[in-house]
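All remarks here apply to the structure that follows.
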Amino acid sequence: MKEYKDTLNLNATTFSMKGNLSVNEPKTYAKWQEQQAFKRMQARKDNHGDFTLHDGPPYANGHLHLGHALNKILKDIVVKREYFKGKKIYYTPGWDCHGLPIEQQILEQLEKEKTSLENPTLFREKCRDHAKKFLEIQKNEFLQLGVLGDFDDPYKTMDFKFEASIYRALVEVAKKGLLKERHKPIYWSYACESALAEAEVEYKMKKSPSIFVAFGLKKESLEKLKVKKASLVIWTTTPWTLYANVAIALKKDAIYALTQKGYLVAKALHEKLAALGVVDSEIVHEFNANDLEYLKALNPLNQRNSLITLGEHVGLEDGTGAVHTAPGHGEEDYYLGLKYNLEVLMSVDEKGCYDEGIIHNQLLDESYLGEHVFKAQKRIIEQLGDSLLLEQEIEHSYPHCWRTHKPVIYRATTQWFILMDEPFIQNDGSQKTLREVALDAIEKVEFVPNSGKNRLKIMIENRPDWCLSRQRKWGVPLAFFIDKRTNKPCFESEVLEHTAKLFEERGCDVWWEYSVKDLLPPNYQDNATYYEKVMHILDVWFDSGSTFKAVLEDYQGEKGQSPSDVVLEGSDQHRGWFQSSLLIGCILNNQAPFKKVITHGFIVDEKGEKMSKSKGNVVSLDKLLKTHGSDVVRLWVAFNDYQNDLRVSQTFFTQTEQHYKKFRNTLKFLLANFSDMDLKNLERSHNFSPLDHFILESLETISAGVNSAFEEHDFVKGLNVLMAFVTNELSGIYLDACKDSLYCDSKNNEKRQAIQMVLLATASKLCYFLAPILTHTIEEVLAHSQVLRIFLQAKDVFDLKDISVSEKLHLKEFKKPENFEAVLALRSAFNEELDRLKKEGVIKNSLECAIEVGEKALCENLVEELLMVSFVGIAREKLSETPAFTLFKAPFYKCPRCWRFKSELENAPCKRCEQVLKER
């Protein structure tokens with residue numbers, strides 16, 4: 001038998017079944033860097049247009065986790081897909097280098113070293129070194145994911161030129177009249193001792209006291225109402241703000257009920273409050289809220305006046321319908337205060353402790369001085385005495401600092417804001433507010449998924465003014481001078497441009513290093529004593545939000561086009577980078593800086609829970625790469641519905657590895673079986689069989705499906721189409737049917753050569769579709785197949801292009817076999833009968849069979865190939881009978897070479913094999 005085995009076309013390929021990815025990938029990625037693969041990609045011009053993906057910057061702090069991998073791999077797949085389509089691609093990775101997390105790292109480091117660093121320049125130098133260190137670490141970790149981009153010249157928000165660009169964007173905001181300094185309540189992180197923008201706040205559950213407090217009406221107010229006693233009942237979960245109460249807001253036109261015991265609440269809520277025991281149940285009088293406006297009550301905590309007002313924000317779903325109002329500690333309170341000219345009381349310091357203002361304004365007694373507001377709440381509640389009607393504890397959603405994860409407070413301070421509702425001049429000469437321009441711009445942007453559009457619209461519709469200033473050191477300074485003569489900022493072009501040039505040449509450290517005189521242009525230096533520096537820094541969201549200007553516009557197209565074609569980030573960036581970029585783009589250019597927004601979900605564990613070290617459910621990216629390799633991680637990303645949260649566990653990666661092996665083993669089979677092709681056969685036409693036409697038509701159909709899905713960035717849909725084809729039509733039908741010809745026909749057999757061309761075309765399509773995802777693996781495929789490289793005119797993966805199968809194979813059309821579906825139905829019924837006969841021990845395999853088919857119109861050759869029987873239509877010993885067909889024992893002997901029962905003599909080759917042996 002051995003001599004016959006040696007005569008078969010059992011071709012081998014050097015492409016291994018085992019990828020050994022964790023060992024081989026780093027070598028490939030190092031080679032790509034050495035050969036400057038991305039520059040080569042950018043140099044290829046196929047005249048199919050340009051494509052720019054603008055990178056939202058990760059933070060230059062810490063190592064990468066699986067969330068980073070998800071984001072960067074998705075971006076890489078999108079960019080490579082456009083590249084393989086023939087577009088000139090632009091992708092400049094970048095890093096967000098300023099901000100609080102790095103400051104905290106340095107402060108912790110200094111604390112461990114038991115040293116302090118008051119010099120801001122030296123402190124900033126340490127921050128810069130920290131960012132540089134982790135930027136390089138993350139850069140190398142991204143490269144190990146197979147991600148390609150302009151990593152030789154990435155953008156860094158701490159580069160001098162970049163800092164100058166950020167500042168110039170700020171200058172444009174100021175020149176358009178949208179930058180104002182205001183004293184108003186904003187989110188304040190006492191843990192960071194800094195203001196926060198809305199994007200820097202996350203909501204988590206928190207337990208808070210829930211109290212109902214009676215504010216007794218003053219004597220003159222009682223007289224106006226013609227009642228002897230009446231107290232408005234308020235409800236609050238922030239008792240610490242009661243010291244700053246100056247008003248109570250009611251709902252306009254609502255009816256308020258006065259109970260027998262003298263408590264005044266919204267009638268719509270009376271029954272609920274009576275059930276709780278807050279007020280008594282008997283109503284003795286009713287008043288319209290409008291008749292209560294401008295009456296006065298007394299704050300039971302400090303006996304100060306509290307004006308009764310009407311507020312649009314007052315609801316009748318919860319509480320009492322009477323809202324405690326402290327303009328120093330709430331945005332809605334603040335705007336109501338503007339309407340009623342209310343006093344803004346705010347006596348809480350940067351650390352969240354009561355300051356001396358409580359004594360000067362007689363708001364609280366001095367025992368509260370220096371006490372943290374949350375700690376003081378218990379005493380404040382006790383101090384209310386009989387005015388406290390009910391105390392409970394509730395758990396509710398409460399704003400927390402996104403960096404320290406500690407609760408934040410609302411605190412009125414003087415900060416710099418971008419105004420959302422101030423009209424400014426547009427490019428066409430009209431005037432619109434930033435909110436209006438942004439909402440208009442959103443309508444012109446495509447969102448994937450589409451729900452992202454409405455999400456961003458709602459956020460823009462409801463967002464407050466953007467608080468830009470931060471009381472920190474590591475960032476781009478809000479580099480303006482205040483003219484002490486007018487107490488207004490100096491927005492003179494000469495001064496602003498001089499500052500920008502200094503930043504560009506020497507970095508913005510000069511704002512701390514240089515005196516006012518040295519920072520001013522020569523024409524202003526004689527009056528330096530009249531100016532003082534603003535010492536706040538910019539919100540880091542302004543840094544990252546202006547990256548489109550610094551990367552795309554300032555380089556005048558060298559690094560891509562603005563607006564960019566795509567931005568792609570996690571869904572949390574609707575309130576972060578998407579929003580800050582949109583607002584700055586609308587100020588600078590009256591349009592969004594992107595054409596399409598793609599968002600992905602978050603990484604969660606297999607139960608759908610958020611990953612955390614405390615839960616012990618964190619999956620290590622480094623461990624995944626060492627266990628499976630980056631191509632498997634990349635395939636896992638692509639094989640998931642990234643628009644939702646991605647569940648991850650070792651089980652999911654094991655499943656992905658099976659998908660990877662299926663693709664790899666299929667490619668290995670294809671490579672092996674066209675490896676002995678005569679290269680002359682690549683250019684000539686072939687006589688393709690009905691079965692060849694079937695698989696080629698299937699290939700064309702699924703190619704359209706995969707392309708359509710990938711165009712919509714629906715990679716999981718496209719991969720499922722591809723995997724179904726590989727598993728069902730290709731492996732399950734075609735390859736099985738072709739093995740006899742591939743292994744046993746002569747090498748120059750026309751049928752076999754036609755099959756090889758089909759395999760070659762199929763491998764080409766698989767490579768094209770998988771290259772953006774499994775780039776290393778497809779690089780490996782091409783390296784191990786000269787035939788495929790010549791067929792595709794590609795020396796490596798970066799030369800890949802899509803092919804037209806019909807053109808490559810010189811076919812005008814694909815002719816699907818007649819009655820093919822009937823043959824497949826016959827095959828299915830045959831396999832069921834075959835399994836029964838095998839179980840009964842009647843036969844061992846299908847080659848022992850001959851078949852007689854009831855439907856005479858079916859092509860006998862096709863039936864023989866697809867059913868893998870030895871004969872069709874020659875009867876001998878009947879094995880079984882069904883309505884559709886009859887099975888017989890094959891009438892001849894088993895060929896020792898091809899194993900088909902076609903030999904006329906025992907232990908002798910069949911006629912076909914005999915002829916092949918003669919030709920050898």
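Cβ coordinates are placed from backbone N, Cα and C, and glycine is handled just like the others.
Quick look at what Swiss-Prot lists:
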- 58-68: motif ''HIGH' region' (MOTIF)
- E569: L-isoleucyl-5'-AMP binding site (BINDING)
- 610-614: motif ''KMSKS' region' (MOTIF)
- K613: ATP binding site (BINDING)
- C895, C898, C910, C913: Zn(2+) binding site (BINDING)
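Positions of Swiss-Prot features highlighted on the structure.
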residue : record                          : DSSP (3 states)
E569    : L-isoleucyl-5'-AMP binding site : strand
C895    : Zn(2+) binding site             : coil
C910    : Zn(2+) binding site             : coil
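Take the mean position of the Cβ atoms of C895, C898, C910, C913, the recorded Zn(2+) site; other residues of that chain with a Cβ within 8 Å of it are C744, P896, R897, W899, R900, K902, S903, P909, K911, R912, E914. Separation of the C-alpha atoms of C913 (Zn(2+) binding site) and E569 (L-isoleucyl-5'-AMP binding site): 60 Å, rounded to the nearest whole number.
Long-range Cβ neighbours of C910 (Zn(2+) binding site) (same chain, at least 6 residues apart, Cβ-Cβ under 8 Å): F892, C895, R897, C898, R900, K902, S903, E904. Taking the Cβ of E569 (L-isoleucyl-5'-AMP binding site) as reference, residues of its chain lying under 8 Å away and at least six apart in sequence are, in sequence order, G56, N71, G576, W577, F578, T599, H600. On the 0 to 100 pLDDT scale, the motif ''KMSKS' region' (610-614) averages 73 in this prediction. Helix first, then strand, then coil: DSSP counts for the motif ''HIGH' region' (58-68) stand at 3 helix, 1 strand, 7 coil. For C898 (Zn(2+) binding site), other Cβ atoms within 10 Å of its Cβ number 24.
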